[in-house]
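The structure appears right after this line, and notes come after that.
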Amino acid sequence: MATGTALIFEGGGMRGTYTAALVAAMIESGVEVPWVGGISAGATHTANFLARDAWRARACFVELAKDPKIGGPISFIRGKGYFNSDYIYHQTTAPGELLPYNWEAYSASSTPFKIGSFDCATGKTVYWGRDDVKDNSDFTTRCQASSSIPIAMPMVQLDGTAYLDGAIGETGGFAVDAARADGYERFLVVMTRPRGYRKGPVRAPAAIYQKIFKKYPAVVEAILKRPERYNATLDELEQLQAEGKAYLYYPETMPVSNGERNAVRIQAAYEEGMQQARRDLPAIKEFLAG
């Protein structure tokens, strides 16, 4: 069994704006953990936490939202996705661009991590860590694969395998299984849904997904099962919290959706998130010290 507390970031697209403020607040206040992991937008949080880059934690949402190149209906029609992930994860992350990733700071860190993506052929969640990442571009590609929302974004091809958003995997989007596999039994989980939230059934007919993903039946099954898997993980996390083994950080409000692109609303969401982060940080530090 590993000692200490694993830090786990839930995804949620642009809802991650709110929790990006907690990432920045933890970095600025010197919070360290022995393990960190995330899926989808949580992979971006993980990358920024590893690089100890509070500026980028904010900019990945607030500044990115101001850039018209990130996507929209025209980008979607052209096959690049409602969010243009090639642009977001490759062009903006290079040195001198909008969101340069500090590879040197990442390399200087030794904190173990895992980011998860969904293997479209096998239907399994695949986790990547330090041993899998070769360079900056390789890391951002894996973050892209972790974050590619079905239908809204194209699949990501990596090492001959097609990947989609890890949130459709076995846990519904929480890297708790990866943390457990690495020996952790205590968790700080940063959520992007309010306390008490549960997913309802998938609203679109299964036939739509079967047509779109006819070559990938595992994707269809995963999309249809996601509410059940997500809710089961929430039940488990709440039980762990009751036992004192988990601290669940719930947003007090969530003013943006996963597909939000309005820069004003995104800025406001970050500011509200920072207010809560500063209020809750003492309790988080107390839990981590326990």
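Heads up, the Cβ atoms here are built off N, Cα and C, so glycines get one too.
Summarising the annotation, TrEMBL assigns domain 'PNPLA' to 7-180. TrEMBL lists 11-16 with the feature motif 'GXGXXG'. Residues or ranges marked as motif 'GXSXG' in TrEMBL: 38-42. The annotation active site, nucleophile is assigned in TrEMBL to Ser40. Taken from TrEMBL, the feature active site, proton acceptor applies to Asp165.
Regional average pLDDT for the motif 'GXSXG' (38-42) in the model is 99. Asp165 (active site, proton acceptor) falls within a strand segment according to DSSP. Within the chain, the motif 'GXSXG' (38-42) has long-range Cβ neighbours (under 8 A, six or more residues past its boundaries) at 8-16, 115-117, 146-147, 149, 165-167, 169, 173-175, 190, 192. Asp165 (active site, proton acceptor): 29 other CB atoms within 10 A of its CB, across all protein chains. Residue counts for the motif 'GXSXG' (38-42) under DSSP, helix first, then strand, then coil, are 2 helix, 2 strand, 1 coil.
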